[in-house]
Structures are given as structure tokens and as C-alpha cells.
Amino acid sequence: MASHEGKPIRVALLGCGTVGTEVVRLLIDQAADLTARVGAPVELAGIAVRKPNKHREVPAELLTTDAEALVTTDDVDVVVEVIGGIEPARALLLSALRAGKSVVTANKALLAEHSAELFEAADGSGADLYFEAAVAGAIPLLRPLRESLAGDRITRVMGIVNGTTNFILSGMDSTGASYAETLEEATRLGYAEADPTADVDGFDAASKAAILASLAFHSRVTAADVHREGIASVSAADIAAAKALGRTVKLLAICERVTHDDGEGISVRVHPAMIPTSHPLASVHGAFNAVFVEADAAGEMMFYGQGAGGAPTASAVLGDLVAVARNRTHRGRGPRESAYAGLPVRPMGQTPTRYHISLDVADRAGVLSQVAAVFAEHDVSIAAVRQEGRVDDASLVIVTHAATDAALRSTVDKIGGLPVVREVVSVMRVEGEES
Ligand SMILES: NC(=O)c1ccc[n+]([C@@H]2O[C@H](COP(=O)([O-])OP(=O)(O)OC[C@H]3O[C@@H](n4cnc5c(N)ncnc54)[C@H](O)[C@@H]3O)[C@@H](O)[C@H]2O)c1
Ligand SMILES: N[C@@H](CCO)C(=O)O
Ligand code: NA
């Protein structure tokens, strides 16, 4: 096959915000190295922006407001999308792929909803679709899943994939700062999405979980399939309850194989959970991300690094850009969509989990047995109980063994209604320990 060595790779950049500005800087600063690594110069053909008059540290002559014209021009080989959101990003990338341009994107929201359509367009023209920056920023994670681990059988992916919420939770845990203060700081540092509800309500992590589950289990998983709970309901009481038992609270994205009588499926979820402080994910602080991957032959692996911020995210974008540019220069092609396994996503209720339940109860004879009876009634086995008497009531902490999430929820509902239970102080799932 003929090589296109030497012919410049022309790049259209869509969006020039936090990530886009850093992409331009790296492309310019590292032009000579990129040329050597790709085997051809990588040149910016144009930068689509909404407000051309805004001050930016990028070459003004490359700016355009006509993104549609830019992505379909003959003079462009690769389109890099760092606008975010569904439209117009979706329409622009479909146009680009259909016109045979390879695409590099950091857009998790788009991929978590429309990857099937995008891959189909890429297949139609033989173009590449790369998106390493969409999950866990700078950390090489999607390429290991799509390529390095393609010969193994992945059983579980669990991690901290949202820097903003991790920054908030670790800030609340260590400095005692308020939720509002830490969120403001995360926004100032460029970690938070334009609308921080995407971070705090778990939408950002759910999009990433959908992408991870699709790649890990060779199945189509969209954001709508992901069970999602954010951090808005995590209280100081939850954090204190976790600390009292040597645990800490993290927002986790968990994708795992689950087997039922009717066959194999997957569970994909995002929710706050208590993990032991001895667990490696417990020491992931600030905007850092970390993801555990478990595979049959490889065993356990952990990927750790900066999951957000302009420069770290641009690093992943540039890595993908080099990969697609090399493919163009040497007439290769990256991996396509792999959804052949078609595993169904199980409802959260069927997922085996463990709960930590902290209650304020009356301190008198028979209370513990009444509470324990509710667990037995729902076939939920108790792993540990801790009771501390106070003046006229008691604090009761119960940690369960694994049971279905539906059984655990019904247990908590019924316990909350017992006359001897004054308050359900904290209910949280427990992860990262033997069940
Ligand atoms: N910031 C991060 O840490 C981070 C990390 C990983 C992934 N991402 C993803 O990268 C993408 C970009 O994020 P960002 O933080 O740079 O956002 P940003 O808001 O800073 O930048 C987006 C830019 O796109 C511009 N834009 C909007 N509509 C446009 C249009 N129609 N044409 C041209 N430009 C348009 C906006 O004016 C803005 O300047 C998003 O998909 C985001 O989820 C960001
Ligand atoms: N807002 C995201 C950016 C990275 O995707 C985060 O906080 O992790
Ligand atoms: Na990544």
C-alpha cells in the first residue's frame, strides 16, 4: 500500500475554549516533533469559533464562524471537536465523517448518546473516530480498553471519573470547606463543565460510564442505560459516618458483568459510595481521576492521572490526533465500533450491592432485634453492627453483606417506618471490600 509520508495532515479545530486553546498551543509548540512522529507535518487549516472578536492566544487568520464549511472543505483531513454538547457537534461530526475526514473528539455527552450513528458514518467512509479525552482526560484508558486489552475478558471497570465531584468530596472531607466554596474553586480551575449540574448530578460521570461499559463489554450502552445518582445528597453526616468506620465517600462509576438465571448481563451505575481508606481509590484527591480495570488474564490494573483541565485534556486530544494522522499517512485505520456481544444492561434493582446504614434509635430492650428482623425478612444478611448508647437514644450502624439493590432499598424503607427508629441518618452503598 502506498504511503502518504510527507503530505501535510490538515486539521480543522471546532471550538476554542479551555481545551481548544491548549490544543492550538501544543500543535504550534510541538510542530517539529509532531511532524517527526507522524511522518508528515500536522497543520491547522482553520478554527471554528462562535465569537471571532474575543481575545485568544491563537492565530487570528485561522478563525472562522462557518464550522459546517470548514469540516467539509477538501483542504481538511482531520476534524478535532472540542465544542461540547450534542448539537451542533453531532451534525458537524456526521458531516465530517461522511466526507471521509477522521474525527478526534473530547465530547463524552455526544458519544454516550450517538456513538452508534457516528461509528456508522465512520465505517461508511473508512474514517477514524478517536475519543480518548472524553473519559478521564489525560489518562490513557480508552485506548488500553479498545486495543491493549482486546484479547482479554474484562469483568469490571470501577473508578473516579469526574474531577469536579472528587474535588468537592475531598475538599469537604479534608478541609471542612462548604460545598458551594469547593464548587466555585473547581469552576475557577476549569474542571467543572459550563453547567456544573452535569458534574454534581452525575451526568458527566454517567456519560463516561456508558462509554467505558461499551468498550469494556463490546456492547452498546448509552447514558440513558446508566443508573445515576449525584453528590447533592451527600451530607456532612454521611462523611462523618464513613470516617467513623475507616471509610471515605467517593462518586464512583462502576461497570461490571453480572450473571443471572437468564444469562449474562452488565450493570452500569454512578453513585456515591463508601470505600475503605486503605483502598487505592481513597487516596485519589482533588481533580485527579483513577480507574480500576479487572480482566480475567491481566488481573487488576489501575489507571491514574489528571482527568480534567485544559492542558491534560489537550494531551489526550493530541495523542489521538497523532494516531489518526499516522493512519492517514500510512493508510491504516483504527478500531471500529465493537458491539458484537450485545450484553443487556440489568436494572439497578437486580444489581448486587452492599449498604451502610446509620440510624438513631431508641435505647431500650428489643430494638436491635426489631431492626434485625426487617433485614431477615428481606433476606439481607448483616455483616457488622455497631451500637453506641447516648443519653436517651442510641446510634446504630449496620453494614450488610451483598444483596440485590431492590432488597436493600425495601429494607431501608421498612426500617425508616419502625416506631423505634427516630431517624435514618445516613444510607450509602459500600464498595471496594470483600462482600
Ligand atoms: N475542560 C475539561 O477539563 C474537559 C475535560 C475532558 C473533556 N472535556 C470536553 O471537551 C469539550 C470542550 O470543553 P471545554 O472545557 O473546552 O469547554 P469550553 O466551554 O471552555 O469551550 C467550548 C468552546 O466552544 C465554543 N462553541 C460553542 N458552540 C460553538 C460552535 N457552534 N462553533 C464553534 N465554537 C463553538 C464556545 O464558545 C467555547 O469557546 C467538551 O466536550 C467537554 O466535555 C473537557
Ligand atoms: N467536568 C469534568 C471534566 C472532565 O471530563 C470533570 O470534572 O471531570
Ligand atoms: Na482519557
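The backbone N, Cα and C atoms fix where each Cβ goes, glycine too.
Annotated features, as they stand in TrEMBL:
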- Leu14, Gly15, Cys16, Gly17, Thr18, Val19, Gly20, Thr21: NADP(+) binding site (BINDING)
- Lys108: NADPH binding site (BINDING)
- Glu193: L-homoserine binding site (BINDING)
- Lys208: active site, proton donor (ACT_SITE)
- 356-429: domain 'ACT' (DOMAIN)
Could you check which of the binding-site residues Cys16, Gly20, Thr21, Glu193 have their CB within less than 6 A of ligand 2?
Glu193
DSSP-assigned states of the domain 'ACT' (356-429) in counts, ordered helix, strand, coil:
23 helix, 34 strand, 17 coil
Take the C-alpha atoms of Gly20 (NADP(+) binding site) and the residue listed as 'L-homoserine binding site' and report the distance between them in angstrom, rounded.
14
Relative to the mean position of the Cβ atoms of Leu14, Gly15, Cys16, Gly17, Thr18, Val19, Gly20, Thr21, the recorded NADP(+) site, which additional same-chain residues have Cβ within 8 Å?
Leu13, Glu22, Val23, Val82, Ile83
Around the C-beta of Gly17 (NADP(+) binding site), how many further C-beta atoms are within 10 angstroms, looking at every protein chain?
16
Give the three-state DSSP assignment (helix, strand or coil) for Leu14 (NADP(+) binding site).
strand
Mind giving me a neighbour count for Leu14 (NADP(+) binding site)? Other Cβ atoms within 10 Å of its Cβ, every protein chain shown.
26
I'd like the Cβ neighbour count for Gly20 (NADP(+) binding site), meaning other Cβ atoms within 10 Å of its Cβ, all protein chains included.
26
Three-state secondary structure of Glu193 (L-homoserine binding site) from DSSP?
coil
Between the recorded positions Leu14, Gly15, Glu193, Lys208, which lies closest to the residue listed as 'NADPH binding site', Cα to Cα?
Lys208
Give me the Cα-Cα distance between Gly17 (NADP(+) binding site) and the residue listed as 'L-homoserine binding site', rounded to a whole Å.
12
Calculate the per-residue pLDDT averaged over the domain 'ACT' (356-429) and state the result as an integer.
93
Listed recorded positions adjacent to ligand 1, that is, members of Gly15, Gly17, Thr18, Val19, Thr21, Lys208 whose C-beta is under 6 A away:
Gly15, Gly17, Thr18, Val19
Those residues of the chain, 6+ apart, with a Cβ under 8 Å from that of Thr18 (NADP(+) binding site):
Gly190, Gly309, Gly310, Thr313
Filter the recorded positions Gly15, Cys16, Gly17, Lys208 down to those with CB closer than 6 A to an atom of ligand 3; keep them in sequence order.
none
